[in-house]
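Since the structure comes first, as structure tokens, the remarks are kept for the end.
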């Protein structure tokens with residue numbers, strides 16, 4: 001599948017008025033579950049270049065990692081945080097255990113027992129860095145987060161107000177989390193309608209860069225895929241189709257898609273492996289950003305980390 005070919009596409013036609021000035025670069029971080037841990041390397045690329053995105057758009061895991069960066073956390077700190085949070089199975093289990101309702105009243109308020117559906121705000125909140133502000137307005141970098149309006153059947157761009165509920169809604173994969181109520185809307189996984197939200201950057205930046213971590217089903221044996229692999233794989237195929245349709249209509253200036261298909265959506269405990277095996281994204285993206293800027297009349301010096 002094309003999502004595994006690491007081939008940036010200088011496709012956009014953004015117009016830059018002042019040649020030589022620092023461009024306003026927008027960064028779109030897509031959804032993909034644990035595969036999205038590779039987004040950390042994109043943050044490193046920006047830090048290595050000594051530049052910051054003018055705006056960030058994120059879906060699901062891209063919303064979570066993007067929000068940490070938008071809050072002002074350097075890439076190295078974001079990486080250290082995700083490894084610390086996800087690299088120890090017992091600590092992960094402990095944090096998940098603490099998200100359960102502590103009283104029957106809280107249990108009822110959560111909607112009672114729902115097989116296979118966790119409270120997204122509780123779970124996401126347990127794994128967010130303390131440095132994250134409560135509201136969008138307090139982020140150092142403006143951000144847009146996608147979620148899907150379940151009843152309207154439309155994508156919602158969340159840009160103001162409470163940050164936790166926005167991230168939780170964007171990550172509320174129906175098979176895992178119950179829907180999130182926010183501002184009178186019932187919201188679910190942003191990846192259902194907008195898995196790679198570079199469209200939210202259009203008209204707001206000079207150059208747009210998108211990191212696609214959708215991946216796809218990977219055949220590892222002659223056996224039929226398990227029910228859960230079939231479910232997640234089908235979702236990846238639909239997300240890939242949406243992204244390809246968007247790229248055909250109005251592509252960003254640069255798209256990168258690291259090879260993430262070997263990892264399952266819920267492989268968060270493999271954080272060290274995922275980061276190690278996708279580390280090439282850092283240097284590749286630095287070179288591609290510099291090449292794009294040079295193509296458009298900007299000078300960015302590339303140095304190795």
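Yeah, the Cβs are placed from backbone N, Cα and C, and that goes for glycine too.
Annotated by TrEMBL as motif 'GXSXG', the relevant range among 53-57, 58-62, 63-67 is 58-62. Note on TrEMBL: of 31-36, 37-42, 43-48, the range annotated with the feature motif 'GXGXXG' is 31-36. Note: residue 60 (active site, nucleophile) has non-local neighbours 30, 31, 32, 33, 36, 170, 171, 173, 189, 190, 191, 195, i.e. same-chain residues 6+ apart with C-beta under 8 A of its own C-beta.
Residues of the same chain lying 6 or more positions beyond the ends of the motif 'GXGXXG' (31-36) and with a Cβ under 8 Å from any Cβ of it are 59-63, 65, 170-171, 173, 189-191, 195-196, 213-215, 232, 236, 239, 260-261, 263-268, 270-271, 274. Secondary structure at residue 189 (active site, proton acceptor), taken from DSSP and collapsed to helix, strand or coil, is coil.
In the predicted model, the domain 'PNPLA' (27-202) has a mean pLDDT of 91. Counted with DSSP, the motif 'GXGXXG' (31-36) comes out as 4 helix, 0 strand, 2 coil.
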